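Going by Swiss-Prot, these are the annotated features:
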type     : residues                           : note
BINDING  : 55, 56, 57, 58, 267, 305, 306, 307 : substrate binding site
ACT_SITE : 164                                : active site
């Protein structure tokens with residue numbers, strides 16, 4: 001009879017969790033930041049608020065965003081005007097839209113990741129699904145498993161209402177699953193739709209207005225597994241370590257409250273300072289074991305909470321401008337898609353490395369860091385190791 005220790009050892013994988021494929025998707029409806037103030041004040045029937053519109057236009061101009069993809073259309077707002085009001089009861093219709101559309105958008109990204117991976121979907125053993133909104137039972141994980149036709153035995157983890165740091169959370173979770181279950185292949189999906197947070201403007205809620213200028217919709221999927229079969233699987237990044245911490249006395253710095261009016265968004269003005277003053281401690285804890293203290297020697301996947309956060313981190317760590325190029329590119333092209341952002345940036349990083357004929361998936365560098373920032377104020381830190389670039 002095998003001992004508990006023998007059984008335990010047999011269950012463990014031998015090598016580190018590795019990202020084996022990435023897929024991304026967005027809604028079809030695209031809005032451009034240059035004229036978004038006109039669009040937003042029109043669809044929310046707020047054109048009489050001329051001074052607030054000027055202020056919102058300045059926020060949009062400073063956002064460093066070129067365009068975003070948003071599921072909510074003008075026609076939908078005409079049909080459901082309470083969504084476009086500032087504080088009107090509207091949770092029921094928001095929920096109806098979200099619970100249907102979040103799994104569908106997640107499916108689009110998942111199918112792209114599965115196609116790149118190239119293996120039968122029956123080999124997916126675990127599913128980790130993350131979204132900020134649309135809580136119900138059974139959840140979006142169950143719906144996605146059915147939409148994709150995954151095995152009924154797939155082991156599911158559903159993460160709701162984590163917020164912008166959760167792109168790091170899902171990778172940390174997938175790492176633990178892959179490394180503690182030999183042969184596991186974990187499908188990770190982040191699907192974010194801003195229907196729950198969209199609302200009209202108010203003079204008394206400028207933090208809400210900032211959110212309306214920054215957030216976009218998108219979904220991203222990755223497949224994670226240990227001990228890849230390199231004859232049929234192509235490793236992209238290894239997940240070396242993963243940690244989470246929260247900054248003391250900052251519980252309200254980034255907050256969301258779900259009420260009958262939807263999810264209201266609250267932001268302290270000093271969030272960029274809070275993050276930038278605490279990020280080096282996270283870096284040191286993660287990289288001291290590797291003997292790394294030069295932050296410019298890393299490739300960077302940082303959640304693009306907004307240009308002010310990126311600027312503050314860049315200045316505090318004396319980062320070269322090119323270090324956050326992939327992050328700024330995703331912010332410009334898609335806005336802040338909450339948990340999905342860092343996975344979009346991972347995708348951009350490996351594509352950019354291929355196009356630039358770099359030696360590794362991390363822009364030619366070996367080591368990298370992935371950061372998620374969000375409510376709590378919570379910071380997720382994932383240490384990445386790139387792999388040699390393979391061209392077909």
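Using N, Cα and C of the backbone, Cβ positions are placed for all residues, glycine too.
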Distance, the residue listed as 'active site' to residue 307 (substrate binding site) (CA atoms, angstrom): 15
Cα-proximity to residue 164 (active site), 10 Å cut-off, over binding-site residues 56, 57, 305: 305
Where residue 56 (substrate binding site) falls in three-state DSSP terms: helix
Three-state secondary structure, which DSSP defines for residue 307 (substrate binding site): helix
Residue, out of the recorded positions 57, 58, 164, 307, whose Cβ gathers the largest set of other Cβ atoms within 10 Å: 164
List of residues, in chain order, with Cβ under 8 A from that of residue 305 (substrate binding site) and at least 6 apart: 164, 271, 275, 336, 373, 374
Coarse DSSP state, helix versus strand versus coil, of residue 267 (substrate binding site): strand
Cβ atoms near residue 55 (substrate binding site) (within 10 Å, other residues, all chains): 15
Sparsest Cβ surroundings (other CB atoms within 10 Å) among the binding-site residues 56, 267, 306: 267
